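Trainee: Sharing a structure below in structure tokens format, with a few things to ask.
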Amino acid sequence: MQATSADLVREIYLAGTGGPAPRLTTDLTALEERARTIMTPTAFAYVTGDAGTGVTSRLNRQAFERQRLVPRMLRGAAHRDLTVSLLGRRLTAPVLMAPAAAQCVLHHEGELAWAGAAADTGVPFILSTAASHSMEEVAGVAGGQPRWFQLYWPSDRELAASLVRRAERSGYSALVLTVDAPTFGYRPTDLDHGYLPFLHGAGIANFTSDPVFMAALPEDPDQRAVIAHWTRVFANPTLDWDDLPWLRKVTSLPVLLKGILHPDDARRALELGVADGLIVSNHGGRQLDGTVAALDALPAVRAAVGDDIPVLLDSGVRTGSDVLKALALGADAVLYGRPCLYGLALGGRRGVAHVLRCLLAELDLALALTGCRSVADITPALLAPPGPPAPPPPPRGA
Ligand SMILES: Cc1cc2nc3c(=O)[nH]c(=O)nc-3n(C[C@H](O)[C@H](O)[C@H](O)COP(=O)(O)O)c2cc1C
Ligand SMILES: O=C(O)C(=O)c1ccccc1
């Protein structure tokens with residue numbers, strides 16, 4: 001199941017100079033530009049869209065680029081084991097696909113392609129509450145790989161409980177509660193296009209398939225009424241720490257909080273006993289402009305919670321070396337976001353699987369080249385001591 005770097009390289013060279021598919025590339029940092037050529041301007045703006053000036057996204061990348069690996073030699077790492085144990089399950093690699101809303105605006109198969117690629121590669125996916133196919137439909141193509149459900153906690157508790165119970169029943173094995181989006185960020189690209197997928201009915205399938213959501217509407221409602229109701233219940237800006245024990249009562253699934261950046265929030269989650277894991281993330285720079293890079297926030301969060309609780313990271317992960325750096329700084333695994341979405345836009349299920357295989361291949365090679373036989377061998381000792389601060393990153397497109 002796991003694509004080794006040797007398999008991938010053989011597959012690509014045997015396919016000839018055209019590579020794995022005409023539009024795809026093995027350069028994981030070049031996917032965005034490829035995707036730009038085939039996506040509608042509105043969909044491209046939605047996916048690439050950052051909050052405000054976009055500085056957070058640039059800082060996310062700069063934080064990875066600032067870290068330098070110091071590889072070790074002659075350690076006999078001819079065979080590498082990428083597998084890791086997370087929440088009691090063995091994963092193919094320390095990588096999961098990050099939750100992303102409304103994927104049908106990128107490709108008509110949307111989350112079904114996402115789940116198919118997970119089955120093809122062994123990389124688990126996290127399904128967004130704001131998916132364009134219902135969680136039950138997506139579960140149907142997912143195969144036996146672990147899959148998690150990301151919860152945007154709606155303003156109605158009965159609806160929240162219904163979503164959680166459905167996720168549990170349809171085989172999602174953990175809940176990711178996103179806590180950094182009590183409201184949308186200020187995203188000038190979306191605002192300038194006047195475009196949000198949800199207002200066109202994309203990304204609301206978990207609601208239109210939900211008995212509690214539908215019971216609040218008149219029989220046979222028109223789309224405008226459905227969307228209007230969705231905008232009323234989707235977000236819950238009043239959510240606070242005191243609400244979280246309720247979630248514990250509703251489900252026996254492990255809960256991870258996504259969007260933690262401050263060590264005090266990390267400590268609080270543990271003290272209250274409301275989280276089985278944390279995801280250090282700034283939502284890919286889409287929420288608050290000027291936020292600290294997720295990678296820079298990671299070491300303090302790890303130090304605050306100790307080694308026993310899973311700490312994952314996303315925001316800016318693009319390459320196999322990035323995964324290695326995140327793990328060296330204390331992450332147990334990473335979530336892979338926009339590159340998978342570009343793969344989806346470029347080639348549906350095959351495109352997402354290609355992107356994931358490239359990442360795993362590059363990670364596998366990075367282990368070989370740093371002298372690591374397994375993920376457990378990745379330690380802070382692989383990183384050079386911090387150097388002088390880098391100059392500020394240039395704005396996008398400069
Ligand atoms: C188009 C798009 C939609 C997203 N939708 C969700 C979502 O529904 N729920 C969520 O928790 N995070 C969502 N995210 C954030 C990702 O889970 C992840 O935090 C982010 O993509 C990481 O940044 P990166 O992709 O630049 O590495 C979304 C991100 C993008 C790009
Ligand atoms: O676009 C996003 O980043 C996102 O997480 C989202 C998804 C659906 C509704 C609101 C925000």
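Each Cβ is built from the backbone N, Cα and C atoms, and glycine gets one as well.
Whatever TrEMBL says is automated annotation, not expert-curated.
Found this in TrEMBL, in case it helps:
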type	residues	note
DOMAIN	20-388	domain 'FMN hydroxy acid dehydrogenase'
BINDING	Y46, Y152, R187, H283, R286	glyoxylate binding site
BINDING	99-101, S128, Q150, T178, K258, S281, 314-318, 337-338	FMN binding site
ACT_SITE	H283	active site, proton acceptor
Trainee: Counting all other Cβ atoms within 10 Å across every protein chain shown, which of the binding-site residues Y46, Y152 scores highest?
Mentor: Y46
Trainee: I need the CA-to-CA distance for R286 (glyoxylate binding site) versus G316 (FMN binding site), whole Å please.
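Mentor: Here the two Cα atoms lie 12 Å apart.
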Trainee: Ligand 2: which of the binding-site residues A101, Q150, K258, R286, R318 have a Cβ closer than 6 angstroms to it?
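Mentor: With ligand 2 as the reference and 6 Å as the Cβ limit, the list reads A101, R286.
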Trainee: Let me spell it out: for each of the binding-site residues (R187, H283, R286, R318, R338), count the other Cβ atoms within 10 Å of that residue's Cβ, using every protein chain shown. Which one has the most?
Mentor: R286
Trainee: If one measures from the C-alpha of R318 (FMN binding site) to the C-alpha of Y152 (glyoxylate binding site), what distance in angstrom results, rounded to a whole number?
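Mentor: Between the alpha carbons of R318 (FMN binding site) and Y152 (glyoxylate binding site) there are 25 Å.
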Trainee: What number of additional C-beta atoms lies within 10 angstroms of the C-beta atom of G316 (FMN binding site)?
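Mentor: Looking across every protein chain shown, the total is 27.
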Trainee: Look up Q150 (FMN binding site) in the DSSP assignment and reduce it to helix, strand or coil.
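Mentor: Q150 (FMN binding site) sits in a strand per DSSP.
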Trainee: Rounded to a whole number, how many Å is the Cα of K258 (FMN binding site) away from the Cα of H283 (glyoxylate binding site)?
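Mentor: Between the Cα atoms of K258 (FMN binding site) and H283 (glyoxylate binding site), the distance comes to 9 Å.
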Trainee: Roughly how many Å lie between the Cα atoms of H283 (glyoxylate binding site) and P99 (FMN binding site), rounded to a whole value?
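Mentor: H283 (glyoxylate binding site) and P99 (FMN binding site) have their Cα atoms 10 Å apart.
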Trainee: Including all protein chains displayed, how many Cβ atoms other than that of D314 (FMN binding site) lie within 10 Å of its Cβ?
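Mentor: Excluding its own Cβ, the number within 10 Å is 28.
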Trainee: Compare all C-alpha positions of Y46, Y152, R187, H283, R286, the record's glyoxylate binders, and send over the largest distance in angstrom.
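Mentor: In whole numbers, the farthest two Cα atoms are 19 Å apart.
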Trainee: Quick one: what's DSSP say for A101 (FMN binding site), helix, strand or coil?
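Mentor: Reduced to three states, the DSSP call for A101 (FMN binding site) is coil.
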Trainee: If I restrict to non-local contacts, at least six residues apart, and a C-beta distance under 8 angstroms, what lies near Q150 (FMN binding site) in its own chain?
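Mentor: In sequence order, the residues whose Cβ lies under 8 Å from that of Q150 (FMN binding site) (at least 6 apart) are P99, I126, L127, S128, T129, L175, V176, L177, T178, K258.
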Trainee: Compute the average pLDDT of the predicted model within the domain 'FMN hydroxy acid dehydrogenase' (20-388).
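Mentor: Taking every residue of the domain 'FMN hydroxy acid dehydrogenase' (20-388) together, the mean pLDDT is 97.
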